[in-house]
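> One structure coming up, written as structure tokens, with questions to follow.
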Amino acid sequence: MSMACLELSKEVKLKGEDVECTKDGSVDLKGNPAIRERSGKWVAGIMILLNQALATLAFFGVGVNLVLFLTRVLKENNADAANSVSKWTGTVYICSLVGAFLSDSYWGRFKTCAIFQVIYVTGLSLLALASQLYLLKPKGCGNRTTLCGEHSTMEVGLFYVSVYMIALGYGGYQPNIATFGADQFDEQHPGECSSKVAFFSYFYLFMNLGSLFSNTILDYFEDEGMWALGFWASAASAFAALMLFLGGTARYRHFKSSGNPLSRFGQVLVAATKKGKVETPENEDDFYQGEDDDDTTGGRKMLHTHGFKFLDRAAVVTSKELESQKQGDHNPWRLCPISQVEEVKCILRLLPIWLCTIIYSVVFTQMASLFVEQGDAMKTTIANFRIPAASMSTFDILSVAGVIFLNRRVLNPLVKRFKKCKDDDAGLTELQRMGIGLVIAVMAMLSSGIVECYRLKYASNDCKHCEGSSSLNIFWQVPQYAFIGASEVFMYVAQLEFFNAQAPDGLKSFGSALCMTSISLGNYVSSFLVSIVMKISATDNMPGWIPGNLNKGHLDRFYFLLAGLTLIDLVAYIACAKWYKNIKHSEKIQEHEEEDKCEV
């Protein structure tokens, strides 16, 4: 127990109460050690989960039909609209790096979440206002049959300012809220540790439940041309999420920011380069360990690992450093603690795994663009009721909920029984689950391609925007949405757990941002692939694979192309996963030794 916690315990005991502080270094709002019974745990966790559900409802209230808004209101063609959505979604997630940097370095997760949520609410309100006053003209336009009129540069500019404010606000908030929620559970406490692992599954579940309302009710109203109503509902939901988040202020646990990680990384690289000819010692204890109160990496000290040996030179103590230490002078650009060196190694090891997740995100992003356009060209009516194409993502959400339940209640217990382990966390590893996610993603693309082949078989080539452009029912899309949902559980939930667990203590938000940046680059790669495919396929007066009238194209070939790319990515991922070495902390030695005793 820390001295601060002991002093706090004495102070509270004078009032006749016994307290226990958390063991992971978390503090309360005033900077005092967090008292276990008065802070964090599921009381704070549930408030954060509800906040996430409401914020996601608001986000998908805009994002789920954005491709249709661009085609019907701003009158972009299918390929341009798909690219615009991919770029916008990519920007959402690239902004996560901005939020993670500010959180880990300066503001802390609570302040960062609050500030970016304010930007988010402002952007949504501006979008609703711009749509109602300027974009939806003539009145009643924007539905399936009535396109809107021309818009001025200022009106279109106002639209893009508002949607990119939404991208900045939601993107900067998202990685921090996931990590902030995990912060509410002490991983040094047995009961709270298992809750922390479960939190990520529930976090992804609540995120999908939040989008369920958007993908059904709001989607229906927007598809009927009531865009302003849908956008105002999104703004109200985001405002409610902000109020709920601020309402839990007194209950939250916090971790102090650890300073600019770029300078720490730079110090290691510079120090290692300056000592390019220095021999590294055989004995790990000979590396510079830093001072006892050194908090360079913002958390627990990391143990030396093999690999990237050239970086170890940054922690080698030469005669020059010994002389400087005797004089009480320490230059961090010439000598770094081995824990700081390991922080850099840790990030370098994460990068190959992260790169292998980008192609999966290319597959995932099709659900918000080409899946919607494909569904819009199918039979979407049952009796007199029309099913909005974007609402088919409801089956993705149901799949996510079902697979999370099966994974936690059925699959994990079976794997633990097979491994003969009693540990609560001894099911499939994060890396194994991510590999399974890639396999299911291949199945999703094959399913999409096969459905498109049959859609084309029953299509009318001359019908672009009308009922009956293909007589194939839209419910044939259910398998591809279900496959995407199942793959999300294995890929994205595992990514959140993996990057949060494997990132250094001072870079936890950055770990969550890696997951979101993968989605971001996936959207940009998707946009690039669509552009390249159209440039190559639309030659000799051919319409290309993804023309404005899908009935004259070959969207199926694009889906099969993605299936092939994902299969190649799976092979690369397996190689990277076998090469990867887990992070090691001094407090975790006993835990890792126990894990190694599990029999297979």
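Sequential numbering from 1, following the chain as shown.
Glycine residues also receive a Cβ, built from the backbone N, Cα and C atoms like all the rest.
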> Between the candidate ranges 487-512, 513-538, where does TrEMBL place the transmembrane segment annotation?
513-538
> With Cβ distances under 8 Å as the criterion, find the stretch in 42-70, 225-246, 558-580 that has the most pairs with the transmembrane segment (156-173).
42-70
> Is it true that the transmembrane segment (114-136) and the transmembrane segment (392-411) have 3 or more CB pairs under 8 Å, sequence gap of 6 or more?
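Not in contact, no.
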> Against the transmembrane segment (392-411), which of these stretches has the most C-beta pairs under 8 Å: 42-70, 193-213, 350-372, 513-538?
193-213
> Under a Cβ pair cut-off of under 8 Å, which of the recorded stretches 193-213, 350-372, 558-580 contacts the transmembrane segment (513-538) most often?
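Against the transmembrane segment (513-538), the leading stretch is 350-372.
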> Same chain, outside the transmembrane segment (42-70) by at least 6, Cβ under 8 Å from its Cβ: which residues?
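Counting only partners 6 or more residues beyond its ends, the transmembrane segment (42-70) has Cβ contacts under 8 Å with 76, 80-82, 84-85, 88-89, 117, 120, 124, 127, 142, 163, 166, 170, 173, 177, 180-181, 184-185, 195, 199, 202-203, 206-211, 213-215, 218-219, 222-223, 227, 230-231, 233-235, 237-238, 240-241, 244-245, 247-248, 251-253, 368-369, 372-373, 376, 388-390, 393.
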